[in-house]
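As structure tokens, the structure follows; a few thoughts come after it.
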Amino acid sequence: MEEAARGRVVVAASCLGMLCLGSNGTAIMAALPTMRSDLALSGIEVEWAVNAYLLASAAFIILGGKLADRMGAGRIALAGLVLFTVSSFVIVLAAAASWLLAGRALQGVAAAFAVPGTLTLVGRAVPVEARVAAIGAWAGFLMLGFSLGPLIGGTLTHFLEWRDIFWLNGAAMLGAAIGIVLSAPIRAPPGNGSPPRFDHVGFVLLAILMVAAIVALQGVRAVFEEPARCLVPAAVAIGSLVLFIRAERRRADPFVDLHVLTHPAFLRATATGAVAMFCILPLLMFLNLDLQGSVGLALTPVEAGLATLPMSAGLLAVSLLAPVLVRRFGPRRSMMVAMLGIVGASPVVALAAEDEAIVPLAIGLLLIGAGLALPYATAPRLALAALPPESAGLSSGLVNAGTFLGGSLGVTINALAFATGGLAAVMAVIAAAGAIGFALCRAMPPSDPH
């Protein structure tokens, strides 16, 4: 196969992989009510069906980037795609919650390897003049899958069964892996054939910190009846944080260079992207649980997928338009308006769902999707631009980890809101998050549109 053809196959296979990853993150939302019934999932297990994926991705995404640099992007991309295929089939065969959660955690690890691996491959597979377009296609297919996921998941769950979501994803990801094998170099970079050395202690402490923090938040709902469920993991999280900071300061080559976290522009942009994911995933999750509940609209999975389509349309359309809007109005002003849109549209969604009014619900979801798309698409670029190029690998990993962790925090905190006040409480939390996002964007230095 000639070089140009190999490059096209690498880009096509990587885009297929990102389409699968994107849809995997949201397709499960429309299927959760059915999965809860079929597998007799508890409320906490429903949360972990989403959080296991997000936390594993957040914990491993930095490691995935480091391994792609040291072992070769082809190897890490292939490992991620194959692991994703295997873990999808684990979920297909799941007969109990434990297998489902294990499969979802493995999918998260797979995503943490596939994302940096395929992105690096795409950047190297095409000539310099075609690189921006190729990376744009890679990101576009990720957002396309993310946007269409609820409809795909609802349709497959309604007309077939929820396991077919993972059959389809696994089969498509296997095709992407075959494409990588046929076209990409599956070898270590010159001089890097030995296993990579990295900060094991820092990696483990960071993973413990993330998981313990989420478990502590989940325990808040029973803090008076069973305080240990909250206080013990909270103590573990605090202890892990202290040890992590001490360990990273002492190492010449730490897992996370803490100096990166001293850049205010980087932190603001990363937090803004995390706020966007904090809103997106719990909105899809708890809106589906509400719409498919036994009271109210009581929609089928496919009807619920169609009901969330306006939000998906807003996400996809504005994500594609984001570069144009940012050039015209500047990133700060664009994202401030977007965050205000989230604040204003949240009560519309809450009231429309309560009143079973489909048209106002669609309008509110369209506005929220459009509002979330701008910070989701723009904030990571601002974060990467805030640091020097030699920090690109670490900063990209931290931005992605922040995004995944933001989604996990959103699911956990909004689960508490949903348990106490239903969808209206969830929308109140999302409105508050939008206000925080507005404050973060307002704190950014003004920039002239260009």
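Each residue, glycine too, has its Cβ placed from N, Cα and C.
Automatic prediction, not curation, is the source of TrEMBL annotations.
Annotated features in TrEMBL:
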- 10-449: domain 'Major facilitator superfamily (MFS) profile' (DOMAIN)
- 76-102: transmembrane segment (TRANSMEM)
- 108-126: transmembrane segment (TRANSMEM)
- 133-153: transmembrane segment (TRANSMEM)
- 165-186: transmembrane segment (TRANSMEM)
- 198-220: transmembrane segment (TRANSMEM)
- 226-245: transmembrane segment (TRANSMEM)
- 266-287: transmembrane segment (TRANSMEM)
- 307-326: transmembrane segment (TRANSMEM)
- 335-352: transmembrane segment (TRANSMEM)
- 358-377: transmembrane segment (TRANSMEM)
- 398-417: transmembrane segment (TRANSMEM)
- 423-441: transmembrane segment (TRANSMEM)
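In summary, the transmembrane segment (133-153) does not lie against the transmembrane segment (335-352): fewer than three C-beta pairs, each 6 or more positions apart in sequence, are under 8 Å. Comparison of 165-186, 335-352, 358-377 by number of C-beta pairs under 8 angstroms to the transmembrane segment (266-287) places 358-377 first.
If one looks beyond the transmembrane segment (398-417) by at least 6 residues along the same chain, the residues whose Cβ comes under 8 Å of a Cβ in the stretch are 43, 47, 50-51, 54-55, 57-59, 61-62, 108, 115, 210, 214, 217-218, 220-221, 256, 260-261, 269-271, 273-282, 285-286, 380, 383-384, 425-426, 428-430, 433.
Under 8 Å from some Cβ of the transmembrane segment (335-352) lie the Cβ atoms of residues 272, 279, 283, 287, 318, 329, 358, 360-361, 363-365, 367-368, 370-375, 378-379, 423-424, 426-428, 430-431, 433-435, 437-438, 441-442, 444, all in the same chain and six or more residues away from its ends.
Note: the stretches the transmembrane segment (165-186) and the transmembrane segment (423-441) are not in contact (fewer than 3 CB pairs below 8 A, sequence gap of 6 or more).
Confidence annotation: the domain 'Major facilitator superfamily (MFS) profile' (10-449) carries a mean pLDDT of 88 in the model.
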